[in-house]
Each structure stands twice: as C-alpha cells, then as structure tokens.
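The transmembrane segment annotation in TrEMBL covers 89-108, 114-139, 151-173, 179-198, 205-223, 229-249.
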Amino acid sequence: MRFRRLAAGTAVLVGVTMVLGIFTAAAGAGLTCQMRWPLCDGPLGGLFPANWPSFIEWFHRLVAGATGLPVLATAIQSWRTDQSSRVRCASTAVLAILPIQVVLGALTVTQYGIAVLFAHFATPVLLFTLSTLTAAWAYEPRVSAVTGRRAALLALPFLALATLLSPRFLVTFTAPIQVVYNGLLLAALAGLLAAAVWMDDERATQFATAGSLLSAAILIVGRRAYGDAVVYLIVVGLVVVFGCTLLAARVGDTSSVSRRLTETS
C-alpha cells in the first residue's frame, strides 16, 4: 500500500512540476535569472531571485529539484518491495531520464535553441507517462476492469474542456489558460494510461493506448505557436482522442456485461 501511494504521489508531483514549468515559460520567466543556471540573479551571489519573474523561474527550479527525491525513492522501493518487472523498469527509467531533463533545462536557459526547446518539452511528457504507468501497474493487482472503464470516463470531461481551450482556437492562449489547458490534458492522459493498463478487453486497451499516444503528442506540439492549419489539426486531434476514450469506455462496458452474462448462464 505504501509503495502504491508513493508511486501515485510521485506521478502527481511530476505533473505539477510540468505545469509549473509551462507557467514559467508562458509568463516569460524562463530566461530570467540573467540566463544563469543553477544560480539566479539575486542576493548571496544569485542563490535567491532578484524580482518576481526571476522568482517564478527560481521556484520552478526548486520544485523540479525536490521532485527528484520521490522519484529516487520510488525507484529504490520498487526493487526493495519486489514489485513487478514493469513497475521496476518504469520507475528506474524515470530516475534515469530525470537528469537528462535537468540538463535540458539548463541548456534552455544558457543556450536557447529550437532543438533543445523541443526536447525540453517532450521529455517531461515522457517522465509523466512513465511515472503514471508506474503507479497504474502498481495498482493493477488491486483494481478491476470496471475501474479502468471509470478512468476512461473520468478523462472525457477533461478532454472536452481542453478542446474548448485549445491553443488560439476559441480563446486567447494566455498564461493562465495555458496552465489550465495543459493540466486538463495531463489529467486526461493519466486517465487514459490507467484505463489502458486496467482494462481487460483487448479492443478497449487499444483505444485507450491510441488516445494516450495522441494526447501525449498534442501536449508536446501544443507548446509552440503555429499557423491556423496546425491549430485546427490540434482540435481535430483532441476530438479523435475524445472518440478513442469514449470507445474504450463503451467497449469495456460491453465486455464487462458480456462476461457477467456468461458467468450467470
């Protein structure tokens, strides 16, 4: 029980750190601290920030650094408590990839470039996906396919709201909107990943997996400014994810009903 809670808490903290990083970039604070890393631009030789924008960047670094502790604890405990091989591999992968994200964060500040920026956007999505899978696989022996269907259903309202807030579609993509939009997508991704792990129907799992992959891609692509064509493609992609999620829930429900009828006959 303790490990499952640790894994779930770690996944949540990784997601929070990611959203905080999105807010930092959206608020224009990503290149503050006089483009220094790991120090900032305030007192004690840059140990603290000098102003509010620098504080945002400084606080993001602080939270990102603190996230490494539960990530490390989850990886260690996955081996000490004899978890499944999937749990051990996923948690260890998170621990191995996290330093890469730290280096990318430093390069984003000191050597700003498109390739580095893209990698800095993509790596947190991978970290969140692996952290969520670690938790989902840890809980798998304790949950049923019905819980997987509920996870898919829970993702639907998040996807609907994210579609309405899609980048530069119906609303101005301000910093608060970016935070809410990406938070909704992360919640939906978590639900889809859990559904893909917990559902026992092959087709339902395939739909949930497809929705997970597409939503992860949208999370990465949506961080950049594009023309109208790509804006509408993102909206179409979100609609497709919504459809995959709905089908996963529907197929999973049909499978559960059929199984119950078979058991009672």
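Even glycines carry a Cβ here, placed using N, Cα and C.
For the transmembrane segment (229-249), the residues of the chain that approach it from at least six positions outside its boundaries are 149, 152-153, 155-156, 159-160, 162-163, 166-169, 188, 191-192, 195-196, 199, 204-205, 207-208, 210-211, 214-215, 217-218, 221-222, judged by C-beta separation under 8 angstroms. For the transmembrane segment (179-198), the partner stretch with the highest count of Cβ pairs under 8 angstroms, out of 89-108, 114-139, 205-223, is 205-223. Counting residues 6+ beyond its ends, the transmembrane segment (89-108) has Cβ neighbours under 8 Å at 7, 10, 14, 30, 37-38, 61, 64, 67-68, 71-72, 74-75, 78-79, 83, 116-117, 119-120, 123-124, 126-127, 130-131, 133-134, 137 in the same chain.
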